[in-house]
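The active site, proton acceptor annotation in TrEMBL covers A:GLU331, A:HIS332. As annotated by TrEMBL, NAD(+) binding site applies to A:TYR134, A:GLN195, A:ASN218. The substrate binding site annotation in TrEMBL covers A:SER241, A:GLN263, A:HIS266, A:HIS332, A:ASP365, A:GLU419, A:HIS424. Positions annotated as Zn(2+) binding site by TrEMBL: A:GLN263, A:HIS266, A:ASP365, A:HIS424.
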Number of protein chains: 2
Amino acid sequence: MNLNIREFSSNSDGFRAELESLLAWDSVSDAGVQKAVADIVEQVRLKGNDAVIEFTNRFDRRRVASSAELEISREELALAKDRVSAELVTSLEAAAKRVHDYHERQKQPSWQYQENDGTVLGQKVTPLDRVGVYVPGGKAAYPSSVLMNVMPAKVAGVGEIIMVVPTPDGLVSDIVLAAAYIAGVDRVFTIGGAQAVAALAYGTETIPKVDKIVGPGNIYVATAKKMVFGVVGIDMIAGPSEILVVCDGKTDPDWIAMDLFSQAEHDEDAQSILISPDLDFIKDVKASMERLIESQTRKEIIKASLEGRGAFIHVENMDEAMDIANIVAAEHLELSIDEPEKWVEKIRHAGAIFMGRHTPEALGDYCAGPNHVLPTSGTARFSSPLGVYDFQKRSSLIYCSPEGASELAKIASPLARGESLEAHAMSAEYRILKDS
Amino acid sequence: MNLNIREFSSNSDGFRAELESLLAWDSVSDAGVQKAVADIVEQVRLKGNDAVIEFTNRFDRRRVASSAELEISREELALAKDRVSAELVTSLEAAAKRVHDYHERQKQPSWQYQENDGTVLGQKVTPLDRVGVYVPGGKAAYPSSVLMNVMPAKVAGVGEIIMVVPTPDGLVSDIVLAAAYIAGVDRVFTIGGAQAVAALAYGTETIPKVDKIVGPGNIYVATAKKMVFGVVGIDMIAGPSEILVVCDGKTDPDWIAMDLFSQAEHDEDAQSILISPDLDFIKDVKASMERLIESQTRKEIIKASLEGRGAFIHVENMDEAMDIANIVAAEHLELSIDEPEKWVEKIRHAGAIFMGRHTPEALGDYCAGPNHVLPTSGTARFSSPLGVYDFQKRSSLIYCSPEGASELAKIASPLARGESLEAHAMSAEYRILKDS
C-alpha cells in the first residue's frame, strides 16, 4: 500500500515553522459538550444515586433499578479472572509485579532534621485516603490501563481504590475485571461518562466520594474531570499519543516500521515521527511500512494516522536529532542508536525514553515497569509520568524551640511590618524571649 | 470591641453539618470575567507586544510606548535594594537563606537500577527550562511571596526565572524588587493581569515563553492561569487563607488570639478556627481577642473575617480534635499542645503543621524555611505545598538488554493481542530471540 507521509529536512528553509505545524494540536472544547457535562455534573451533585442511575440507563442502554446493581463484588472479579485464559492471567500477573517493583522505587519517605537551637523542620509524606480510577468500557478494553493507574496508588498506600467502568448494553470485559482483581482494586462500579466522574467527586448514597480521580476517558470524561478539579484532584488530561523514534540507520527497518505502526494504530490522531541522519534508511523504513501495512488488522487507522500526522525528518547529525527531540518533548522517545546511554544525557524533555534497538515502546506500554500514563503534546516540558508521587502528598513540619522561635521572630517581624501585616508581626514578637 | 464569633460543640446535634457549612467555600467563576479574560488572552496570543502594551496602558494607567520600557534590569533591582532599610535587607537575606536550605532537602535525584538480565530501568529528573513568577503589585506588596515562589525554582535548577509584576500608575515596591534581586530572578517585566499570564504562556517579541507559571493573583490572573493550563504548567489556584489552631488550654490566650488575628487580617474571606477541649480557655481567648483587637491597624478586616468565617469549636478530647483537623485538612494547622510530636502522627491532611506553643504561623509565613504557598480549602487532602518538585519533572528510562527484551516481549505480546493492538504485539515479538 502506498503511504503518503510528510518528509522534510532540518536544513530546509522554514524547518522550524514546518516542525511546529507538524506538532500543533488544538484540543478545542466544544461549548455543547461543556453545557451537557455541566448539566450532568450538577444533577449528580444534587440528586445523587437517582441521577447516576438515570444517566447510566440512558447513555449505556441499561435497566438498572437500584444502586446495588451498579457494584461488582470482589467475588465477581475473581470469577471473571477464572474465565480469562491462563496465558493472559500469567502475563497480567507478571506485568503487575514488574510495575509494582518499579514504582516501589518512587516512594518518598517523610524526613526531618534538627537545627542547632533545637528547632525541627521536616516534610511528612502521606498517601491519599481514597482514589477513583476511571476505566473506559465498551469495545476498547484496556486491562494494561487498569494496572498502570492502580499500581502506583497501591504502592503509595492509598486507603481505598474505587474503579468505575461503563458497561454499555451491560457488556463488560473479563480481562479488565481480571486486571482489577490482580491490581487490588477495592470496589468496582459499572458507571461511566461525566456521571461517573461527578459521582466520584461529590459522592452519592452508594458511590464514595474520593480525593482524586485518575484514568483516561472520552471528551465527556475529560471535560467533567476539568470541571470537578479543585473539589478533587485529577491527573493530566491526555492528548493523542505520540512517538518520536531517533534512529542512526543501523536498526532493522522492519523493526522501526512496526514501532511507528504501534503508535499509529491507536487512533487517527496519534503521531509517529522518525528522525534519522541517514536518508537511505528513511527510504528503507518507508518501504518496510508500505510492505508491512498490508497485513495489519488496523491498517486503515494506521494509514490515516501516518498520512495525517506522521513524518520523516532528515537531520545532519545526532546532535541535531537531540535538539529536535527536546523541542518535540515527546510522550515516547525511542533512541534506536549506538550508545544511547551517552546520548540520553542531552535529552531534557520526554515522557519516557526507550533506549537501544531492543526497547520498543510496546514493552513499556505493558510490562517493563515504568508507567504508560505519560505527558502528551509537549507537556513533558513541565510534567511527569503518572507515579507514586501522584498519590502521596506532603505536609510541612515546623517545631520551633523557644530559642529558635525567638531568633526567627526577629527576622519575621520586620518582614511582616514591611508588608503592613501587624498581627503577623505581633504574633511572632510574642515568642521573642525576654532576655534575648 | 465585642466580637460575634460562631461557637459550637462537637457533641451537639448536627455538628458535622455545622462544620461543613463553616468550611464551605464556593469559588464561582463569573461569566463576565471569563469572557474578558478569554479576549485578553486571545489578543496577546495574536498580537504579542502591541496587545500587552495596550492592556498595560489601559489597566495600569501607564504611558508605555515601546516594549523595552517594560523591563527592569538587574542593575535597577540592585538600586532598589540599596533604597531598602538595612534591617529589612538583612531579614530578606536571612529568610532567603533559610528557605533555600530547607528546599535543598526536597531535591530529587535521578536513579536507575539494573536487573539480572542486564535491562536497566530508571527515572531521570530534570529542571524546567524557564518559569514565570507572577507577583501582585500596587498597594499589596509581598516580598515574602517573591522569595517563596522563586527559591524552590532556583533550588530545582530552573534555567531562567522571569518575574512579572504590575506597576499601576508606574508605582513599584522597592522591597519587592529587592526580594527579586536577592532571590536571583533573571528578568523582571512590569506587566500584570491576564495580559501578563498570556504573554508568559505564549511569548511575545519581548517576553519569553515559559514552561510553567506560578504565583498568586486576583480573579483575572487566576482565570487566565486556568485558561492557559496545558499550554504551560500552573501551580494551584489558591482560595482564601485559613488557620486551624488546636490548643489544649495551656498556651497564653493572648498568643492564640494573635495567631488567629494573623490569619484574619489577610482579608475578609480568611478563616480562623480554634479547637479546644477547654471551654474556659475558649472564653479566655475570646476575651483576649476583644481586648487586643482595639489596637490592631487592620481591625475592621479582622472583625469581618472572624465574624464571617471564624469559629470556636469545643471538643471532648484531643483525639476528637485530631479527627476534626483531618476533616478540615487546613492550609495551616497549629498544634499548640503538649507533646505535639506524638499527636502529629494522627494528622493525615494539612498544608503545614506548626507544632508547639512557640511556633506561630507567622514564622512559617516568612522565614522558618518551608514554603508558605500551601493548599487551601481542604485541598491538602490531595495536594502539597509548593516545592522543588513543582519545578522538576521526571522521564522514565527503559534500556532493555537483548535477553531482557526477549522475555518482556513474551509477556507483552498476549496482553497486546488481548487489547486487539496487533502492531504492538508484533513490535514486541520482533525482539524475541530466535533461540529462546
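Backbone N, Cα and C atoms are what each Cβ position is placed from, and that goes for glycine too.
Remember, it's a predicted structure, so these values are computed and weren't measured experimentally.
Of A:GLN195, A:ASN218, A:GLU331, A:HIS332, listed as recorded positions, none is near chain B by the criterion of a Cβ under 8 Å from one of its Cβ atoms.
Within 10 Å of the C-beta of A:GLN195 (NAD(+) binding site) there are 30 other C-beta atoms, taking all protein chains into account.
Note: the Cα of A:GLU331 (active site, proton acceptor) and the Cα of A:HIS424 (substrate binding site) are spaced 46 Å from each other.
When secondary structure is read from DSSP and collapsed to three states, A:GLN195 (NAD(+) binding site) falls in the helix class.
Among the binding-site residues A:ASN218, A:SER241, A:HIS424, the ones whose Cα is located within 10 Å of the Cα of A:HIS332 (active site, proton acceptor) are A:SER241. In terms of C-alpha distance, the listed binding-site residues A:TYR134, A:GLN195, A:ASN218 place A:ASN218 closest to A:HIS266 (substrate binding site).
Max Cα-Cα distance over the annotated substrate binders (A:SER241, A:GLN263, A:HIS266, A:HIS332, A:ASP365, A:GLU419, A:HIS424) is 56 Å. Sequence-distant neighbours of A:TYR134 (NAD(+) binding site): residues of the same chain at least 6 apart with a C-beta under 8 Å from its C-beta are A:VAL164, A:VAL165, A:GLY192, A:ALA196, A:VAL197, A:LEU200, A:ILE213, A:VAL214, A:GLY215, A:PRO216, A:GLY217, A:VAL221, A:LYS225. Mapped onto three states, the DSSP output places A:GLU331 (active site, proton acceptor) in coil. A helical conformation is recorded for A:GLN263 (substrate binding site) in the three-state DSSP classification. Comparing local CB density within 10 A for the binding-site residues A:ASN218, A:SER241, A:GLN263, the maximum falls on A:GLN263. Geometry remark: A:ASN218 (NAD(+) binding site) versus A:HIS424 (substrate binding site), CA distance 48 Å. Comparing A:HIS424 (substrate binding site) with A:GLN195 (NAD(+) binding site), their Cα atoms are 45 Å apart once rounded. In this structure, the recorded positions A:HIS266, A:HIS332, A:HIS424 were compared by how many other Cβ atoms lie within 10 Å of their Cβ, and the smallest count belongs to A:HIS266.
Residue annotation for NAD(+) gives A:TYR134, A:GLN195, A:ASN218. The furthest Cα pair among them is separated by 13 Å. A:TYR134 (NAD(+) binding site) falls within a strand segment according to DSSP.
Within 10 Å of the C-beta atom of A:GLU331 (active site, proton acceptor) sit 29 other C-beta atoms, taking all shown protein chains into account.
A Cα-Cα distance of 29 Å separates A:ASP365 (substrate binding site) from A:GLN195 (NAD(+) binding site).
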